[in-house]
Amino acid sequence: MMTLLNLFKIFIRPVLDDPNSRRIFLFLILNLSFMFVQMTYGIITNSLGLISDSVHMLFDCIALAIGLLASLLSHRPKDLKYPHGFSKVETLSGFANGVFLILISGTIIFEAVGRLREPEEMNTDKLLLVSIMGLIVNLIGVVGFGHGHAHHHGENEDCNHSHAHLHAHSVHSTDKLAAKFSPAISQFDDHHSSLAHSHHEHDHHDHNTHGIFLHILADTLGSLGVIISTLLIHRFHWLGFDPLASIFIAVLIFLSVLPLLSSSASSLLLVNNGKIEHNLRDVLQDISEMHGVAAIQRMRFYNGCGSLVIKVTGETEGVRRLVRRRLEDVGFKRCVIQVERL
C-alpha cells in the first residue's frame, strides 16, 4: 500500500496535476489498449494495413511515453549541473519522434512493395469494424492534441540558451566587414533569460506536442487508409489496394514529418532563421561602418539576445548607445555590448 502511495506521489500525481501531461497520459492508456485489439485482428485477418497501423500505434505509445517524460522533465528546476534546466528535452522529444516516423514510413513502404509483388489472402469480415474503431480512437487524439499543433511556432525561440552564435557566413558579406570580424569562442551570460522563460517553455512544448500530434495524425490516416482499401477490395476483389493504401499513407507521414525535423533540429542547433539573419547582417554592416569602430569580435546572437565586443579608436559610451539602439530596432533587446578602446 505504501509503495503504491509513493508511486502516486512521485509519478502519477505530477502527471495528473499538469494539464498537458495528463492529456498525454490518458491518451497513452487509450492508445495502448486499442493497439492490442488492432494487432490481434490484423494478425487474424492477415491485413498488412491493420498490422502496420497497429505497429505504428505501438510506436505512438512509445512516442507518447517519451513525450510524457519530456513534459515532466521540462518542469524540473535549474541547478548548477543543468544551468538551463531541461527545457530542451521537449524539443529533443519532438526530434526523436520525427526520426521514429521516418523509420516507420520506410518500413511500411518496404513491406507494402513486397505485398504488391506477392499478394496474400486477407479476411476482411471484421476488418472494417476494427478500422472504424481505430479511426474513432485516433480522432479523439487529433482533437485532443490538435490545439497545441495549431499554435506551433517552431522558429520562435528565446535566448535561454545563450551560448548560441552567429555563423561566420552570415556576417561577411563584404571584404571590409570580413576583415573587421574576427571569429572567437566565448560564452555569453544572459542576465535576462528569466524574462523569456515562459515563452521558451512554450516553444519546446510545441515541438513535443507537434511530434505527438503527427504520430496520431499518421495513425488516423492509416485507419482511414485501411477502411478505404477494405471497401475497394470488397468492390473490385483486388488485394493490391491494401499495400497501395499503406504506401500512400507512408508517403504522407514522411512528408508531414519533414517540417518537424527541420524546426526541432534548428532549435537544438540554435539556428537563427533567415529573416533574423538578414536583418542582423545589415545591422552589423552598419555598425562596422560607424565612425571610430575598428573591429567587431565575439558575436553571439540568438533571437532576441546577444553579445559582442566592439573595438573603437575614440569615445566609447556614444558608440555603445548607438549600437544598442540599432540592435533593438531589429528585435535584439537583451544584449551585452562591450566597447573597448584601442
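Backbone N, Cα and C atoms are what each Cβ position is placed from, and that goes for glycine too.
Keep in mind that TrEMBL annotations are predicted by a computer and have not been checked by a curator.
Annotated in TrEMBL:
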{"type": "TRANSMEM", "residues": "24-44", "note": "transmembrane segment"}
{"type": "DOMAIN", "residues": "24-269", "note": "domain 'Cation efflux protein transmembrane'"}
{"type": "TRANSMEM", "residues": "56-74", "note": "transmembrane segment"}
{"type": "TRANSMEM", "residues": "94-114", "note": "transmembrane segment"}
{"type": "TRANSMEM", "residues": "126-146", "note": "transmembrane segment"}
{"type": "TRANSMEM", "residues": "212-233", "note": "transmembrane segment"}
{"type": "TRANSMEM", "residues": "245-271", "note": "transmembrane segment"}
Interface check, the transmembrane segment (94-114) with the transmembrane segment (24-44), three or more C-beta pairs under 8 A:
no
I'm a bit unsure how to read this: which one of 24-44, 126-146, 212-233, 245-271 has the highest number of Cβ pairs shorter than 8 Å with the transmembrane segment (56-74)?
24-44
